[in-house]
């Protein structure tokens, strides 16, 4: 069913499939009961498992509940213009067993972004996602757009960004989504994006720093910095600097920085424990693509932590996330070896919807309101590397980032 797919559900049997002749229904209060059409009777317990259940959360965005003349509950999907007696929340039922508390976390590595947003309405909220024309950035943007948010795709390639916008509008023609040019490898482009955004006179509730480059051959940007470092860290740092006044005025607001578990396999300090710029923006002779990526991801966590320390008193929180292991996306396309590696690993990886889940969780979870300075993997907080926890390194990186921008743009840095 299209409506169920939109709600983040599949029209497939669940693990506790009903026997032939049985139907699952819900009361208007959310309790699940089972109708046996063969014997014309109903019961609260599942006919196979014996469990009682109730649906979790509110109805998906765009749905409404009603009661017909016979007292039976029905559901209206205003987006797809259809009515059904099947509760769209039935895929998200929870056991009604208060005597057996569970410590299982609410979401995990198999959760999708749409499942996290199930029942949420983001009408009136503005979300910016960098690198949103494909991969987890696209799924992040789509998930928020399908739940009422005004979503801006900040992308370098406008042709692909326009295609991404069209794909979202195909799923829901009323989605409020647009694309704006942002090239993180060019500081002037970051500046122009910020100016274009501010000209819209809209708030900014969620900023997702998602864009990244991986496995590039060594090159310098027009700003004279190694490309991986500028795209993955410095460009996002500058973007947040330029938009922080809007974020603060829109508080409570959230910044999500997409990092990676690979941040654990490197350091950016020298043997004396001091931040080493040559490790961040190395020469061609000292460059190794994987190491450059790992270092940029360490910068992401350090930046997110320091940003939270600075802006949380003004109502802006920041968290860093790891989206998932070896997900198949365009990030690997720069070298055939990585393409082969990602292809071989594909059967064991997350889907893009699952990869976007941790980002969306940190951007939307009510239980994280006002909380930040943390690192998440599989929708669960975990400790980053000891290097990523260094407040001194984070402060030094912040000061260095400011200086690099000032040296290149001078008084026009904003």
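Using N, Cα and C of the backbone, Cβ positions are placed for all residues, glycine too.
Predicted, not measured: the structure shown is a model, and the values here were computed from it.
Per Swiss-Prot, the feature phosphoserine maps to 14; the stated evidence is similarity to another entry. Swiss-Prot lists 16-49 with the feature domain 'WW 1', giving sequence analysis as the kind of evidence. If you look up Swiss-Prot, you'll see 33, 287 marked as phosphotyrosine, on the strength of similarity to another entry. The motif 'Nuclear localization signal' annotation in Swiss-Prot covers 50-55 and rests on similarity to another entry. Sequence annotations record features per position, and here Swiss-Prot assigns domain 'WW 2' to 57-90 based on sequence analysis. Per Swiss-Prot, region 'Interaction with MAPT' is recorded for 125-414. Marked as NADP(+) binding site by Swiss-Prot on the basis of similarity to another entry: 131, 132, 133, 134, 135, 136, 137. Swiss-Prot lists 209-273 with the feature region 'Mediates targeting to the mitochondria', giving similarity to another entry as the kind of evidence. As annotated by Swiss-Prot, substrate binding site applies to 260, with the evidence given as similarity to another entry.
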- line: Excluding its own, the Cβ atoms lying within 10 Å of the Cβ of residue 260 (substrate binding site) add up to 24
- line: Counting Cβ atoms within 10 Å of each Cβ, the densest environment among the binding-site residues 135, 137 belongs to 137
Spatially closest candidate among 33, 260, 287, the listed recorded positions, to residue 132 (NADP(+) binding site) (Cα to Cα): 260
Field: By Cα-Cα distance, the member of recorded positions 33, 260, 287 nearest residue 133 (NADP(+) binding site)
entry: 260
- prompt: Taking only the recorded positions 33, 260, 287, which one has a CA atom nearest to the CA atom of residue 136 (NADP(+) binding site)?
  reply: 260
Message: What whole-number Å value do you get for the CA-CA distance of residue 137 (NADP(+) binding site) and residue 287 (phosphotyrosine)?
response: 27
Query: If one measures from the C-alpha of residue 131 (NADP(+) binding site) to the C-alpha of residue 260 (substrate binding site), what distance in angstrom results, rounded to a whole number?
result: 16
